[in-house]
Each structure stands twice: as C-alpha cells, then as structure tokens.
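Taken from Swiss-Prot as is:
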BINDING   P96, I97, G98, S99, G100, L101, G102, S103, S104, A105, C106  ATP binding site
Amino acid sequence: MLRIYAPASSANLSVGFDTLGTAVSPIDGSLLGDVVQIEALPSGFELESAGYFVRKLPKEAQKNIVYQAYVLFSERLKLRNIAVRPLRLTLEKNMPIGSGLGSSACSIVAALVALNKFHAEPFSKMELLEMMGELEGRISGSIHYDNVAPCYLGGVQLMVQSLGNICQQLPFFDEWYWVLAYPGIEVSTAEARAILPKSYTRQDVISQARHLGSFVHACHTRQAQLAALMMKDVIAEPYREALLPNFADVKQATRDLGALATGISGSGPTIFAIAPDLGTAMKLSTYLENHYLQNNEGFVHICKVDNQGARALD
C-alpha cells in the first residue's frame with residue numbers, strides 16, 4: 001500500500017496568468033491537499049472516495065478525475081506494452097472543489113504519482129507532467145500547468161514550455177508568509193475563464209509583460225520589495241473580482257494591515273495576502289476570518305511555499 005499527498009497550489013500570483021504557480025503548505029503542519037492511496041488487488045480495478053469534501057465529487061465514477069487519470073495512465077502503459085496491475089485507488093478529497101487552490105490538480109497529481117510509483121516508475125517527470133496537464137485541460141477547457149506543475153514538483157514554477165521543459169523553478173523569498181483565505185463558496189475554473197474578454201488593449205498587454213519580466217528578474221536578483229510591487233494583474237483580476245465577495249474592500253484592508261501584495265489565487269474565490277513576517281500574517285489571518293469567510297466551510301491558513309511537492313506519506 002502506498003499513500004501519496006499532493007499539496008495545494010496558488011496559480012497566477014497576480015502577475016503571471018497561466019504562467020506562474022506555487023505550491024503551499026500551512027505552517028502548523030496540517031495537510032492542505034489531497035491524498036491518493038493505492039493498493040494491489042487480486043484482479044480488476046476499484047475506485048473509492050473519502051474525505052471532508054467527498055460529497056462534492058461526481059456520483060458517476062467515470063466523471064471522477066482520478067478515474068480518468070487511471071484510464072489515461074493505462075492507455076499510456078499499453079503504448080509501451082506494459083500491463084496495468086490490478087489495483088484499488090482511494091481518493092481522500094480534502095480540498096474544496098472550485099476553490100482556486102488547485103483542487104483538481106491535487107487529485108490528478110496524487111493519482112498519477114501513485115500509479116507511476118506502483119508500476120516502478122515507467123514514465124519520467126516530464127512525461128507524467130504532460131499527462132497531468134492534459135487531464136487538467138479536460139476540467140478547465142484548456143491545457144495549462146500552473147497548478148499541476150508546482151503541486152507535483154514543489155516551489156514556485158514558471159511555465160516555459162520550450163527546449164523539452166514544461167516549467168522551471170524560480171528562486172523565491174523564504175521569509176514571506178502566504179495567508180490564504182477560502183470563503184466557502186465555489187467558482188468553477190471554466191466560469192472564471194469565460195468571464196475574461198476576448199482581447200486586451202495594447203497598454204494592458206505591455207503592462208502585464210513589464211510586470212512579469214520585472215517580477216522574474218526580482219526573484220533571481222533577490223529584490224523582495226520589487227517582486228511584491230510587480231504582483232499586479234490587469235489581465236484577469238479586474239473581471240474576476242465580480243465573482244468574489246467584497247474583494248476590492250478586502251484587498252485594500254489587507255494592504256492597510258501590512259500585506260506586501262494581495263490577489264486572487266488561481267481563478268478564485270480563494271485570495272492570497274503576502275506578509276513580510278509572522279506577526280503581520282496573524283493580523284491578516286484574523287481579519288480575513290472575520291471579513292472574507294462566508295460560511296462554515298471557509299478557512300484561512302498561514303502558509304509557506306512548499307518546496308517538496310507531491311510525496312509519499314508514512
């Protein structure tokens with residue numbers, strides 16, 4: 001039996017729409033992500049589901065992304081004349097669906113890593129990552145790696161998709177705290193993409209390119225202040241903020257409390273606020289608990305960048 005944990009991720013980081021993402025883990029040691037357990041069977045295949053958010057999963061097994069991961073993995077194995085082993089997969093669904101924290105990526109990554117390890121790792125990291133992106137595209141409507149890449153590999157990942165590399169890890173700022181607030185409501189990735197305009201002004205494109213280039217430069221040259229200042233979004237946030245509860249006021253309040261940057265995590269509704277120290281992070285956490293959460297399913301976590309990515313649990 002093998003248990004694989006895949007951590008939550010925050011995509012875009014405001015400045016890198018579909019090109020940046022980071023894996024995150026709560027500083028209290030709790031697991032913010034999904035777990036997939038795999039075990040051998042005498043014959044056949046079984047899929048089971050458990051976890052706090054299991055009730056949000058599709059009733060039909062064929063619509064479960066873990067089942068689809070199994071089918072895709074099996075198809076790729078057959079192309080190499082390798083038989084899939086009889087097995088049972090159990091998804092522990094601990095991530096809310098449509099949260100902006102890479103919920104589908106967690107399930108996809110945990111499932112494919114478990115399947116690959118169970119079969120003595122026939123696929124390389126890049127081959128596995130390509131499969132992860134394909135599965136993510138089935139849910140969101142387009143292939144993108146800004147959740148699956150950091151969830152799988154850890155760290156802050158920049159999507160390059162050239163010279164045989166899907167992504168490359170950026171050096172980042174270990175001193176930063178990420179305060180992530182999920183309000184308890186759902187925003188589908190497809191809906192959040194549909195709300196975006198079909199075209200942008202030249203000035204918006206230039207601004208976003210300048211911000212992203214400056215952000216990447218700041219990461220490599222260890223300029224934390226510049227990196228934080230460049231975490232701006234003119235591509236998605238102006239349109240997606242309508243899907244989030246009182247976002248503009250909450251964003252301003254977090255900045256007043258000392259946040260270095262505040263933005264939408266992925267397609268929302270989770271938001272992130274970056275704090276320079278633990279004291280500021282705790283103030284932000286308290287504020288967001290009181291002013292952004294909408295129901296009992298909402299939560300706030302103080303996190304750091306997770307540099308491990310998907311991993312086996314003892």
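Cβ atoms are placed via backbone N, Cα and C, with glycine included.
For P96 (ATP binding site), the Cβ neighbour count at a 10 Å cut-off comes to 22, with all displayed protein chains included. Other residues of the chain with a Cβ within 8 Å of the Cβ centroid of P96, I97, G98, S99, G100, L101, G102, S103, S104, A105, C106, the ATP site, are A8, M95, N147, G266. Each of the binding-site residues G98, G100, G102 was scored by other CB atoms within 10 A of its CB, and the lowest score goes to G98.
G98 (ATP binding site) carries neither a helix nor a strand DSSP state and counts as coil. All protein chains considered, the CB of S104 (ATP binding site) has 22 other CB atoms within 10 Å. Sequence-distant neighbours of C106 (ATP binding site) (same chain, six or more apart, CB under 8 Å from its CB) are A6, P7, A8, S9, G33, D34, M95, C151, listed in sequence order.
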